[in-house]
Amino acid sequence: MIPERDSETTFDEDSQPNDEVMPYSDDETEDELDSRQPVVEPGQNRINGDTEESREPLKKDCSWQVKANDQRFYEQPQFKRTIFLCFKKSKYAGNAIKTYKYNPITFLPLNLFEQFKRAANFYFLVLLILQSIPQITTLSWYTTLVPLLLVLGITAVKDLVDDIARHRMDNEVNNRTCEVIRDGRFKNTKWKDIKVGDIIRLKKNTFVPADILLLSSSEPNSLCYVETAELDGETNLKFKMALEVTHRYLQEESAMADFNGLIECEEPNNRLDKFAGTLFWRNMSYSLDADKILLRGCKIRNTDFCHGVVIFAGADTKIMKNSGKTRFKRTKIDSLMNYMVYTIFVVLILLSAGLAIGHTYWEQQIGNLSWYLYDAQDLSPPYRGFLNFWGYIIVLNTMVPISLYVSVEVIRLGQSYFINWDLQMYYPEKDTAAKARTTTLNEQLGQIHYIFSDKTGTLTQNIMTFKKCCINGQRYGDCRDRAGQLQSHPEQQVDFSWNMYADEKFLFYDHYLIEQIKSGKEPEIQKFFFLLAICHTVMIDTSDGQLNYQAASPDEGALVTAARNFGYVFLSRTQNTITISEMGIERTYDVLAILDFNSDRKRMSVIVRESDGNIRLYCKGADTVIYERLHPRNLKREATEEALDIFANETLRTLCLCYRDISHDEFEAWNKKFVEASVATTNRDEALDKVYEEIEKNLILLGATAIEDKLQDGVPETISRLSKADIKIWVLTGDKKETAENIGFSCELLTDETKICYGEDIRQVKNTKDFFCGNQKLSTSLSSALLQTRLENQRNRAGLGTHSSLRMNEPFFHGSRDRALIITGSWLNEILLEKKKKKKKLKLKFPRTAEEEKKQIEKKRGAEADKEQQQKNFVDLACECRAVICCRVTPKQKAMVIELVKKYKKAITLAIGDGANDVNMIKTAHIGVGISGQEGTQAVMSSDYSFGQFRYLQRLLLVHGRWSYIRMCKFLRYFFYKNFAFTLVHIWFSFFNGFSAQTAYEDWFITLYNVLYSSLPVLLVGLLDQDVSDKLSLRFPRLYVLGQKDLLFNYKKFFLSLLHGVITSLIIFFIPYGAYLKTMGQDGEAPSDYQSFAVTAASSLIFVVNFQATFLHFQIGLDTSYWTFVNAFSVFGSIALYFGITFDFHSAGIHVLFPSGFHFTGAAPNALRQPYLWLTMILSIALCLLPVVAWRFLSMTIWPLESDTIQKNRKKYMAEEQQWKRRQSAFRRGISGRRSAYAFSHQRGYADLIASGRSIRKKRAPLDAVLGNSVTEVRGARETS
């Protein structure tokens, strides 16, 4: 019996994951992962077309059934699912995509429901109901209704505009058209009307609307070339191939209409590279795999048309399954703001209760004894106190700022427009402007701790360029003239006009190499470029007289293109020949064998028969595998190795080229073994690799190539600046480890000084002290051992005291902080215990005893605790590194990594990518950024922000993000302050009015205070304020740290605003109160009536809060560098507006028109004509503002912030900026001492396809014609045995 696998992590050699296999989903079971075999491309396992029909039906449980051209099939009861009570719906999704939230009927109720889920909005709704009760109301109903309607209306309009944009986007996609079989003929049909089982026709350069099974195409043997950039980020073309039987019989429209095949396959899932199913047709069954499926989001390329049957539609497609759920994102400040509003609720209730108790006491002691206060209502003091509790809830309602949320939305909207309008984030090459796709996350851009970036198309352009080479020990590619002399300045690029096949986009500056090629004096140079032209699996497509190469990897395409420009042009190929133009002379060679690349071999070879009859093997591959197979007498070995080191220093991707001559006898003997391995029914790949090894030896070294994987402009500078801002950058990519590591060095994420820890090296270490002391030899290989040791220590120390818990939190590494972690997806699953358990068959089990059940529960809890602890340890280990690179990770794993950092570090995360494979992580991170690049618009459509190049990220964060955070924090602090200063005056007034819930101001002043009188200056603080300029923000990235540490807005700042508001309210109330006490005006009248007091207090408050906003604009004392007309207008305009409205509302005319609404007739004109009152207001304003000015002066003199110092010296920095010439790119060649390996494609090339002849436009040759008569001999030998 096989023992049940323990839930704990093991680190034996046997458990080492295979990093070359990408587990595209966490849905895979453990047996699927462990038993997975290398993928075999079509052709190699189908040399004989009859083998398709001889396969057994798939034995796995395939419950998804699709019947072609039969919609009634899906109406059967077994295909229905219950959605609510007895209502049922088909389990097959329609093809329409829905991302909008509302429709015309649901908008109003749903939007109001969502808005009233906000505590403040619901509170004011309750308040409005309370104000309609005459017994407790102390304010008119309009004081609450007007601000509430304003808030709800503005928010509703914003939500409506956003949802209309979603409707338009959905309609654009859903209303695309393609041809679908309807009534026996192909008719144009909208995407949203496509259903499972429909037969569709797709044309060249169109997107695939659903996941379909390829039936036939215009290409030979129904090949179909697709671009999968929307899915996996790769721009090189891939091919799909239909079944032989469907290719043969399903070419005509009538045959398509009559097709009635039944497909049984797996349920919809998110595994992009896996598919298992069976086609039943004409009493035969045919196995289906991922090579026959076209996924939604792919683009048809180099194929005039193709046909397919829809298997998964709409939400069931793999791309939609990988999208992840749309999450409602809120900023950290949003959450903090809500908690502060809840705090204000509590304070409000406590204050109201205290004042109600005060009123009860006052009624008992004074009110009942004062006959002149009798109101004809015989109510007991406790009941009066109860009514007054609700009265104070209404009077003090402005402590809960209803206009806060709408003001925040307005500020965020303005900041979003500033991002959209930023010309320095405009990418002219693709006419792409930066776009804030959401308006709710701007200030969070100033608090980022971790950036998670895709590689392909995000950091790189995904464009490979041939830069340099070494031939026969001589290096080429530097700027040299025809005589071979180095030029100090780059001269004009090489003129390739002599070559009719030259690619105009190819740039090269070494004229000496061209002269050598033309002279023909160096045979090694001719062999070098001949090898590049013949040793590959590139497919060719000719259109309008132009040669278009389709390569399995961008690197291989770059090499063939380079050979083409240097005069060795790959023109065409057949099943067993290849035609090349050699300096204008066309020659055709017999291709005897193609030894294709795989991830273990890291090389490929071709064996060709030359025109003179000689047989030669040409090979190219990584230097590590080529040097092992070289002939001992290679004279140029050391010179080439030196060149490789130079190329590696320049972070170029290197590749070695070599050849050997083969005798006819040796080839014949080897070919028999090759043919036998080719038709092996078991372990075919291993058998072929063994045969390949026998012939790839004693190679003669020709030289090496150097390819540049072009970074996007400004990537190194951007990463450098973001690192200085204490932002950690992780690269999450589906690419191979070598490729990702190369880019890490290219973009300076990794340097020579960086100690690299490789996650997959899981050898045990006896002495655990070694990896805590920073041992150089061990520090690069012990990630897994570190995690294992930490987990074991934590288990051993469980239950011990505080001292042990402190030791458990000790860092993994000591010493240098410049470390990087490089891990792979399979290792990540292994180390985080993410593999699924094997699905067990249903067995009859006897009930467990209570003790057994208890043990089982404890075991499960222990396993879960270990898993959680291991995940936390991984995050701690990774976060101690300066950079982390995760290779071969799936879209789901990218999201999982981000989720772990969010969970255990409580850090703000940002994800940036450009393909559909990045959508999940973009949605998972706090902020998602999409790049409008080579890979479609899926990432952009799911993102919160988008722009054209990675380099714009530094401006988005260090300028817009930082400004938004500072502005929002200042706005919130000021907003809370002005509301506290305004509202708390009522409390001090209560001590002089018997706690009777009487307001200290006029009702209309209370209504308009937040709406008109004090809103504009604070809005401009939130929109326009800046401490330093954008250039200085980029020059000093350390300024960004304020937001990461939450220094500008927290509970401490909130209570300081509360204290400031308390002090201001005391001054606003008691200075006029003291001034009015026993005073006489100039006209002999006492000005100390209630209405005059209310006008004086209100006027003082308006001056104070508006001038306070003015000081917020001045970052250094009263420095007026940011004093503009807009600032002046907002402050003095608000004051003028207050006086204008007040005089109008206090006039006799409006009182005559509305006597019940305006009671302060003549109060303002009478009070404000008294100089005594103006002196009182000036004293109040001075006492409120002078301490603030003094404190700011002292703080900036004695305890200045870094931004204060920079602002003080800004003129000096501006002068330096004008003199300082922009330096060259921070991407400095020659800083890396490592060798950058050539990166092949993730899968086999097109060798099997070429050898099978399926790409040739003629009837396929039989097996004997492909492999020769020896195959018959092999089969005959097997039959006799």
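Each Cβ is built from the backbone N, Cα and C atoms, and glycine gets one as well.
No curator has checked TrEMBL annotations; they are predicted automatically.
What TrEMBL says about this one:
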- Asp454: active site, 4-aspartylphosphate intermediate (ACT_SITE)
- Asp454, Lys455, Thr456, Glu556, Phe597, Lys620, Arg653, Thr733, Gly734, Asp735, Arg888, Lys894, Asn917, Asp918: ATP binding site (BINDING)
- 81-145: domain 'P-type ATPase N-terminal' (DOMAIN)
- 174-236: domain 'P-type ATPase A' (DOMAIN)
- 940-1200: domain 'P-type ATPase C-terminal' (DOMAIN)
- 1-59: region 'Disordered' (REGION)
- 142-161: transmembrane segment (TRANSMEM)
- 339-362: transmembrane segment (TRANSMEM)
- 389-408: transmembrane segment (TRANSMEM)
- 971-992: transmembrane segment (TRANSMEM)
- 1004-1024: transmembrane segment (TRANSMEM)
- 1054-1073: transmembrane segment (TRANSMEM)
- 1093-1114: transmembrane segment (TRANSMEM)
- 1121-1141: transmembrane segment (TRANSMEM)
- 1172-1194: transmembrane segment (TRANSMEM)
_Candidates Thr456, Asn917: member of the binding-site residues with the richest Cβ shell (10 Å)_ = Asn917
*Summarise the model's confidence over the domain 'P-type ATPase C-terminal' (940-1200) as a mean pLDDT value.*
84
_So if I exclude everything within five residues of the ends of the transmembrane segment (389-408), which remaining residues of that chain have a CB under 8 angstroms from its CBs? That is, six or more out._
118, 120-121, 123-124, 127, 130-131, 133, 136-139, 144, 147-148, 150-151, 154-155, 337, 341, 344-345, 347-349, 351-353, 355-356, 968, 971-972, 975-976, 979-980, 982-983, 986-987, 990, 997, 999, 1006, 1009-1011, 1015, 1018-1019, 1022
*Thinking of Cβ pairs under 8 Å, which stretch from 1004-1024, 1054-1073, 1121-1141 has the most of them with the transmembrane segment (971-992)?*
1054-1073
*Within the domain 'P-type ATPase A' (174-236), how many residues are helix, strand or coil going by DSSP?*
11 helix, 30 strand, 22 coil
*Quick one: DSSP breakdown of the domain 'P-type ATPase N-terminal' (81-145) into helix, strand and coil?*
27 helix, 8 strand, 30 coil
_Counting only residues 6 or more past its boundaries, what in the same chain has a CB within less than 8 Å of a CB in the transmembrane segment (1054-1073)?_
340, 343, 973-974, 976-985, 987-989, 992, 1000, 1093, 1096-1097, 1100-1101, 1104, 1176-1177, 1179-1180, 1183-1184
_Cα-Cα distance linking Gly734 (ATP binding site) and Asp454 (active site, 4-aspartylphosphate intermediate), given in Å to the nearest integer_ = 8
_I'd like the number of other C-beta atoms within 10 A of the C-beta of Arg888 (ATP binding site), please._
27
*For ATP: widest Cα to Cα gap among Asp454, Lys455, Thr456, Glu556, Phe597, Lys620, Arg653, Thr733, Gly734, Asp735, Arg888, Lys894, Asn917, Asp918 in Å*: 33
*So how many other Cβ atoms are close to Phe597 (ATP binding site), meaning within 10 Å of its Cβ?*
24
